[in-house]
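J.: Attaching a single structure in structure tokens format; questions to follow.
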């Protein structure tokens, strides 16, 4: 069908275009807003033809109003547009959108008051405080709990097996019930007899505590008065249905049904704790677990904790952040202690996914690279050596970048025919002496040792056999003169090692 702009014509269209979008604003409603509303209704699976009449607009308002608190801005804008259009159809004079919303609220309040008055008149005729109702004769009679309620209760116990949500379900189904009705609900539970025995023990303990705090008055009961209920009467074991109704509807009333229900809920809390053995301290977020799933497990376990609301609030503020994984914990601590649960879940959305892992890895690699660069820079700190050109002899550039005419020959000695790396010009060695030396030997060689020469043939002695003593392996002892001569041969090492203490 497409979007339509023919919803309003004539006077209604003029009135529509005079209404401002905001109080004190300059912009007014136009035909394009009706076209947009048509398209948005199709998105919400609503019939756009409902905009043609005031009754249709009222139906749209009833459909959209429950979702306003959790809806998007588009939903709120659509609701405001339909509310304004409803006022135009009803010919209600308004100046802006806020006045239209106020008119809608006034009509809804008036309709609600009429409904309450009609309901109160009907209740005054036939019933008071279900399941105890008043019959036509004005007597208070009991309506048994329905089979549908019992079936819902049994189904919850079988499916949930005393999980934390069983307690609110029991509270809702047992609203206004008598002790007899409550016993009927407990007796319909076929399985979990160990849990039911624990519940009976808790009820007996509470009944004994009631008897201790409310002792029996001495003497007979005055005529026309009801006796005070005992613990067993509240539990429905020693009292009749008529007595229970009389206590609950008396003046002053004794709410035996509510008291008994409170005892049962206390026992159910113990059973829920037994069926949920996991402590709130053990609920920790896994390394790859989404934060939303972790929050669900946390509050499900917190629901089973036997603690006051203040303690549970402290657990939520402290343990929820403390037991999160390192990635979420870093984000939550950055939000601060006053962050709401919605802000936490929004901030941690996507943590643990591929995109988040890639971002974390990139940040880690960036930090490693920065650290490496800083270490490399720190290793080469110190005064910089000035570079010198071998061609022109000036500092600040190298020979390959020199603009001066290239010097011919060796850059060291100035002679042609060889390069500087092959230059044989004398240069100082590590002892500070010029090398090559004209004397032949460097300073760290023996200088005064005579060169060995062969004697003339005329002076050569005839070879004779050595004496027998020379074959003995004896240690030769040098003479003092020979030792002094050897020491004098080492005098040239003074330049290297200083004074020789052996000569002193």
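Heads up, residue numbers simply count up from 1 along the chain you see.
Each Cβ is built from the backbone N, Cα and C atoms, and glycine gets one as well.
Annotation source Swiss-Prot lists N-myristoyl glycine at 2, citing similarity to another entry. Swiss-Prot lists 12-19 with the feature region 'Interaction with host AP3D1', giving similarity to another entry as the kind of evidence. According to Swiss-Prot, the feature motif 'Nuclear export signal' maps to 16-22. Per Swiss-Prot, the feature phosphoserine maps to 146. Residues or ranges marked as zinc finger by Swiss-Prot: 387-404, 408-425. Swiss-Prot lists 406 with the feature asymmetric dimethylarginine, giving similarity to another entry as the kind of evidence.
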J.: Mind giving me a neighbour count for residue 146 (phosphoserine)? Other Cβ atoms within 10 Å of its Cβ, every protein chain shown.
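T.: Cβ-Cβ neighbours of residue 146 (phosphoserine) within 10 Å number 11.
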J.: Name the residues of the same chain, 6+ apart in sequence, whose Cβ is under 8 Å from the Cβ of the residue listed as 'asymmetric dimethylarginine'?
T.: 391
J.: Averaged over the region 'Interaction with host AP3D1' (12-19), what pLDDT does the predicted model reach?
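T.: Mean pLDDT for the region 'Interaction with host AP3D1' (12-19): 87.
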J.: For the zinc finger (387-404), jot down how many residues DSSP puts in helix, in strand and in coil.
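T.: Counting residues by DSSP class gives 3 helix, 2 strand, 13 coil.
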J.: Taking helix as H, G and I and strand as E and B in DSSP, count the residues of the region 'Interaction with host AP3D1' (12-19) in helix, strand and coil.
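T.: The breakdown for the region 'Interaction with host AP3D1' (12-19) reads 7 helix, 0 strand, 1 coil.
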J.: Taking helix as H, G and I and strand as E and B in DSSP, count the residues of the zinc finger (408-425) in helix, strand and coil.
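T.: Counting residues per DSSP class in the zinc finger (408-425), I get 3 helix, 0 strand, 15 coil.
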